[in-house]
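Everything on this sheet refers to the single structure shown next.
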Amino acid sequence: MEKKFYELPELPYPYDALEPYISEEQLRIHHEKHHQAYVDGANGVLRKLDDARENGEEVDIKAALKELSFHVGGYVLHLFFWGNMGPADECGGEPDGRLAEYIEKDFGSFQRFKKEFSQAAVSAEGSGWAVLTYCQRTDRLFIMQVEKHNVNVIPHFRILMVLDVWEHAYYIDYRNVRPDYVEAFWNIVNWKEVEKRFDDLF
């Protein structure tokens, strides 16, 4: 059976589609260079593990799995990231339907949710992500911070929306002013996609 490897996906929109909030230059470098680096990194670890297993060689499993988690986490989180954004004339605003009802239930209001998610993004230490998740055991929405990319599958939690707050995600457009980038993000949130991710869980 042939073994498969990761490939860089195409974006669901042109590189200039998120302007003026994310420039074409910023998005192109983020996708073609940084996301590609996680693809290459993950595939490199997989090949190293494959070779060691085929040849009966020893491998530092702890180091290999940490490196694999980092690169696969980066690969997967970026898939969510590209998908939960879109052109400002089609996106932004507030969610509808079941997701809106759960935000009201769990946070009190959309404005309260937006404030807490923004605070999570701005306050993430160093490089990381703000993530909206859903816990099936408690039937609740959760906001989480992810350090770097080292996130593995957490049972009963499903990722709904992510915001990349690594500096490579915004430095060309916003320099070191992360709060401005976070505020701009709300203009390009693709709520239809986030709603679909949530509805698909029921």
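Note that Cβ sites are derived from N, Cα and C of the backbone, with glycine treated the same way.
Taking Cβ-Cβ distances under 8 Å and a sequence separation of 6 or more, the neighbours of His168 (Fe cation binding site) in its chain are Ile29, His30, His34. As annotated by Swiss-Prot, Fe cation binding site applies to His30, His78, Asp164, His168.
The DSSP secondary structure for Asp164 (Fe cation binding site) is strand. Residue environment of His78 (Fe cation binding site) contains 23 other Cβ atoms, counted within 10 Å of its Cβ in all protein chains. Ranking the binding-site residues His30, Asp164 by how many other Cβ atoms lie within 10 angstroms of each Cβ puts His30 at the bottom. The residues near the Fe cation site, meaning same-chain residues not in His30, His78, Asp164, His168 whose C-beta sits within 8 angstroms of the mean position of the site's C-beta atoms, are His31, His34, His35, Phe81, Trp166, Ala169, in sequence order.
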